[in-house]
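Listed features, source Swiss-Prot:
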type	residues	note
BINDING	31, 211, 236, 240	Zn(2+) binding site
BINDING	272	ATP binding site
MOTIF	33-43	motif ''HIGH' region'
MOTIF	269-273	motif ''KMSKS' region'
């Protein structure tokens, strides 16, 4: 019997056992990007964390319907398109493609469904019409607004009191609103802005209704898990609940709500508005993408994460050690001439950590323990052991380490590829040739030439390591 999967449900503020409505087809919806610019590294935390969750759900239930949307109509997109004098699709197509490339570099598996708002205008209009028919929305001056007072449970996710929210609303409330807290479902578009025909005139949808309509279109009126950044909890997720439950006769919109914490940079939340962002696109050009993924998983997903160059360096050094261990184990297995493919099995300790509300720090500590076990075995065999006599142990510990990494989307590269990062194939061959020349020079006792080659490589940022299995090299 599999262990219980327990997740922190922000709706109840408790860690609870999770069982999907349909165990043969769990559903997961994650709020995706608004594609008007490069994603910053804080935007990547959710996709990476919930990528681990999606993989866990697939292992546990054998299937998953996972949707992550693309917001491709928005006032920020409109502003960017107007500034450049191009259609919004020029902006959105470009940055959606870059986003997908950046997420792929971080090892994020694409969702099963990636709905775009502009492809769901009929569903959005239909949901708005249903809300009007149900008495939860009203048309005014070309706008359609959701009536917050019509939904008694408004505020149940964020635990905000509706009266206090209304008291704190802006003083200059739009005159077409019945109440200050009412929010836009549809807004009119001028000729220079993108728009679609609707019963209320030419216009475009509000942000919140887009997610409600897309989630319902692809996953149904009730989904098992809705996830996103904690900054979206209010008003976005609160408004999604109100719209969806009022449109579907009170049916629960999402049974579990998961929110990842924010990234901090020098003590402040990382955000475009504060100007303290680092984009994923820039970071993957400077650092190993796998190290960025490791760093994003190094703290529990619900906690804030202090982002720094030191964190990236620490993650890179840790992966150096782990890949070095895998490389040494593979070399020892080669000595035994086994030729047997390693079967990756996820250790129960790692699976248990992830089943406990995605405890990735604990899972990473288990990986470190397995690597220590592997290095101890390696040292024992190097210093007097016989690899061929203990091939089953070598297989088992390497499979365990690879399986542990697999659960987190780590350690799946060939170690040679990891250590040759930042070089192309021709450069790899050149460096390998120099390493071989140095070994030959040492054998011939031409130590001056050997030292000169080591210095040349060091100047290029190449570190050499003499091991019982031969000379290894890696980028510093």
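Placed from the backbone N, Cα and C atoms, the Cβ positions cover glycine too.
Here the features listed in Swiss-Prot are painted onto the structure.
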residue	record	Cβ contacts under 8 Å, 6 or more apart
31	Zn(2+) binding site	46, 68, 69, 211, 227, 228, 229, 232, 236, 237
240	Zn(2+) binding site	208, 211, 212, 215, 226, 253
272	ATP binding site	37, 40
Applying a 10 Å Cβ distance cut-off over all chains shown, what neighbour count does residue 211 (Zn(2+) binding site) have?
26
Please spell out the DSSP helix, strand and coil residue counts for the motif ''KMSKS' region' (269-273).
2 helix, 1 strand, 2 coil
Let me know the model's mean pLDDT on the motif ''HIGH' region' (33-43).
97
For the recorded Zn(2+) site formed by 31, 211, 236, 240, name the remaining residues of the chain with Cβ within 8 Å of the site's Cβ center, in chain order.
207, 208, 210, 212, 226, 228, 232, 237, 239
Helix, strand, coil residue numbers for the motif ''HIGH' region' (33-43) per DSSP?
3 helix, 2 strand, 6 coil
Ten-angstrom check, please: count other Cβ atoms within 10 Å of the Cβ of residue 236 (Zn(2+) binding site), all chains counted.
17
